[in-house]
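Peer 1: Before I ask anything, let me first share the structure, which is written out below as structure tokens.
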Amino acid sequence: MEALDYHAEERRKAEFDVEEMKIAWAGSRQAYEISDRVSRLVASDPVFRKDNRTMLSRKELFNDTLKKAAHAWKRVIELRLSEEEAGKLRFFVDQPAFSDLHWGMFIPAIKGSGTEEQKAKWLPMAYKMQIIGCYAQTELGHGSNVQGLETTATFDPHTDEFVLHSPTLTSSKWWPGGLGKVATHAVAYARLITNGQDHGVHGFIVQLRSLDDHLPLPGITVGDIGMKFGSGAYNSMDNGLLRFDHVRIPRDQMLMGVSQVTREGKYMQSDVPRQLVYGTMVYVRQKIVADASSALSRAVCIATRYSAVRRQFGSQNGGPETQVIDYKTQQSRLFPLLASAYAFRFVGEWLKWLYTDVTQRLHANDFSTLPEVHACTAGLKSITTSATADAIEECRKLCGGHGYLSSSGLPELFAVYIPACTYEGDNTVLLLQVGRFLMKTVFQLGSGKKPVGTIAYMGRAEHLLQCHCEVQRAEDWLKPHIIVEAFEARSARMAVACSKNINKFPKQEDGFAELSADLAEAAVAHCQLIVVSKFIEKLQQDIPGKGVKRQLEILCSVYALSLLHKHLGDFVASGCITPEQGALANEQLRLLYSQVRPNAIALVDAFNYTDHYLGSILGRYDGNVYPKLYEEAWKDPLNETVVPDGYHEYIRPILKQHIRVARL
């Protein structure tokens, strides 16, 4: 019997080639084929089952994670998967594990900061997983302020060793994933001390556990930091705590790609430029932006499909009720999130190019773009992760009461995603870094130093401070140059206004402190401009497939105009647009929602997610939601017995008035 597809009618409405959109989303035909093949491989393997995850105890969940990670590694070896395919396999297994940090942080840290000799020694073992590593930087007392770390690494010239020590409780390493129970080694960050002089924070490769019996080595106290937010979710990860009690390591286990300590204990900068470490940072942040588009698209896929299934009110003469997706209030909340998923996808794609570009420049000793690249990646990490965390919660609300069920997939997705707002740089701290960069750019405008890259528009600040938006009709807002100029003018005017206000303070630092909220807002404006302009640049490329480019143009306009609507105060208050032009933008936005509506289901189908990866009954491909929700309810352990276990002990005495009351 052929399975029913409750979304069949919706899929027939699509005005574009969905298969070609899948390729546009994936980035290339090859990327699509790898992703499609690996996701189906994972979905068809019973070891990777995850529908019972939220009901497992912490120990059961962790054991399940170890089993999946070991099975994933076994499949990588058996199928001889490439590095890209192996990364996709871990992605689709969709369970945070120690291996994420081993491949995503430990190995890149050695590649980015180690010498050629260190790479030759440690990377082959790491690639074969003969050692398992983590990245031990954050401490109990310091996270964002890396320069405030307290762990020390003191050089002992008598033995040619570093002595790692945790001098205070707050110097305990706290949070590194994989550290709690699994990692055998860490790249640990500590204050380098030679001859009584503190040289700041450096990385050291430290063995934590025996490779024979996995017990902690002498002087090392290590364990898990405990349960985290949500059920299932990030609790599959053994985030750890670590203390060193005068632990000795050989001198050559300091990562010496950028700076070195000689046998005599002399601290030296190497010939390799210090800026090379920026390459690793760009790589990690680019990956975080890509992960944001994945998590957001997943939530949007669930909410869009369920909005098409769910009907409420509006029945005419006993006919069917109205699909929730047809209500304008639902569209105005959902479609900007759909557009954001595509926008973040394309800016993530561009960041991959930027990583390649900056790496080539660094190796050619060209550091000219570094400050801009640092600010750009910091800002994009901040705005994409914050927007995604908020969007997942909004998608849960868009699914009504059923969105609160674990089986909707949204509560766990939210719980597992939100740490992204904090790790690799707290989002507000990152925005303030971008704000400072903007101020520096504005202060240098008269010096003849030309702004480059994503900040190049500041070179036209004089024009942007005076220009008037030329919108006269709603459809004028569909012109890319009008959108870009409005966003450039808003960003430039907010940045210049901040700089003028900072200059009013006798001490510049006092101005930065007092106006930090304004700086963060100016940083958001700058970063939103980057996302909008990169989406527009994407549309200037050749994008094959019937109707594909047209749909992306509509989504680009939805993304830009929904931001304009949300931040209308900024645009109007800074004089970029008039209130009337703001009203016209809103009018155009409503028209765009009507154009998205018939294509909504097809646009989320283009993400090409299997039901296994989505992990949501509400987001099922076939839309068969209600029977499956009913089925799922009976799988809960509470329903294993008709009469609850505590009935005779607690419920019956209440009902029969048999409660023994103490006489006071």
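Note that Cβ sites are derived from N, Cα and C of the backbone, with glycine treated the same way.
Unlike curated records, TrEMBL annotations are generated automatically.
Feature table excerpt (TrEMBL):
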| type | residues | note |
| --- | --- | --- |
| DOMAIN | 17-132 | domain 'Acyl-coenzyme A oxidase N-terminal' |
| BINDING | Thr138, Gly177 | FAD binding site |
| DOMAIN | 278-439 | domain 'Acyl-CoA oxidase C-alpha1' |
| ACT_SITE | Glu424 | active site, proton acceptor |
| DOMAIN | 480-656 | domain 'Acyl-CoA oxidase C-terminal' |
Peer 1: Whole-number answer please: how many Å between the C-alpha atoms of Glu424 (active site, proton acceptor) and Gly177 (FAD binding site)?
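Peer 2: One finds 13 Å between the Cα atoms of these residues.
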Peer 1: Are there residues of the same chain, six or more positions away from Gly177 (FAD binding site), whose CB falls under 8 angstroms from its CB, and which are they?
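Peer 2: Within the chain, Gly177 (FAD binding site) has Cβ neighbours under 8 Å at Pro96, Phe98, Asp100, Leu101, Cys134, Tyr135, Met237, Asp238, Asn239, Gly240.
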Peer 1: On average, what pLDDT score does this prediction assign to the domain 'Acyl-CoA oxidase C-terminal' (480-656)?
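Peer 2: It averages 96.
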Peer 1: Non-local Cβ contacts of Thr138 (FAD binding site) (under 8 Å, 6 or more apart, same chain)?
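Peer 2: Non-local contacts for Thr138 (FAD binding site): Lys173, Trp174, Trp175, Pro176.
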